[in-house]
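A short write-up of the structure that comes next.
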């Protein structure tokens, strides 16, 4: 193992028994050979479970939708990339030449994906308890800053934060119809996001309200919220 990877292990607070797992977790798909996408998939599932379990215990009075919104804040790409930068993770990534030249080692989505891959690698290396311990340790500051007040956000904000947590494009809203007299109009809005095959729709007495209704419908269609809070 190189000295540099030993340094990264100290920053992560974890020493790998199988160092090939660590190297694989740091290997982007632009690099020749095997890459970290499967580990990222596994790490994403573990991260969501550990965060959800911790929130379930920490906020016993919270409703399902509130817990989902808190978790989205914890696991969003911005949060993960910030943690990754704290570990100087970009210095250790294995990137293809094109990705390296374009500054991929600084890109939020690549950093967040690599951190999730490391979570998956730790799980395979030492099991669930080791992965849980590292996730909770890394997210201590974020956990401590959460309150249920954080869930009192409008649907558009909640949808945006959820999509950012998945490194997805932001939603696009379009007014498709306006009905009624000038003093009593009804606006019809469609919300388009890449994760859904169909557009979500909303209507209201203003464009702003119609957009909020469409965003709420999108959250339900995504399974993030159940619409029964």
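Each residue, glycine too, has its Cβ placed from N, Cα and C.
Per Swiss-Prot, the feature domain 'RNase III' maps to 5-127.
The feature Mg(2+) binding site is assigned by Swiss-Prot to 40, 113, 116. Secondary structure from DSSP puts residue 116 (Mg(2+) binding site) in a helix.
Secondary structure at residue 44 (active site), taken from DSSP and collapsed to helix, strand or coil, is helix. The Cβ neighbour count for residue 44 (active site), using a 10 Å radius and every protein chain shown, is 19. Taken from Swiss-Prot, the feature active site applies to 44 (among others).
For 116 (among others), the entry in Swiss-Prot reads active site, with the evidence type sequence analysis.
Under the heading domain 'DRBM', Swiss-Prot lists 154-224. Mapped onto DSSP classes, the domain 'DRBM' (154-224) shows 27 helix, 20 strand, 24 coil.
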Would you identify which of the binding-site residues 40, 113 has the most other C-beta atoms lying within 10 angstroms of its C-beta?
113
Please spell out the DSSP helix, strand and coil residue counts for the domain 'RNase III' (5-127).
90 helix, 2 strand, 31 coil
Given residue 44 (active site) and residue 116 (Mg(2+) binding site), what distance in Å do their CA atoms have, once rounded to a whole number?
6
If you count Cβ atoms within 10 Å of the Cβ of residue 116 (Mg(2+) binding site), leaving out that atom itself, what do you get?
26
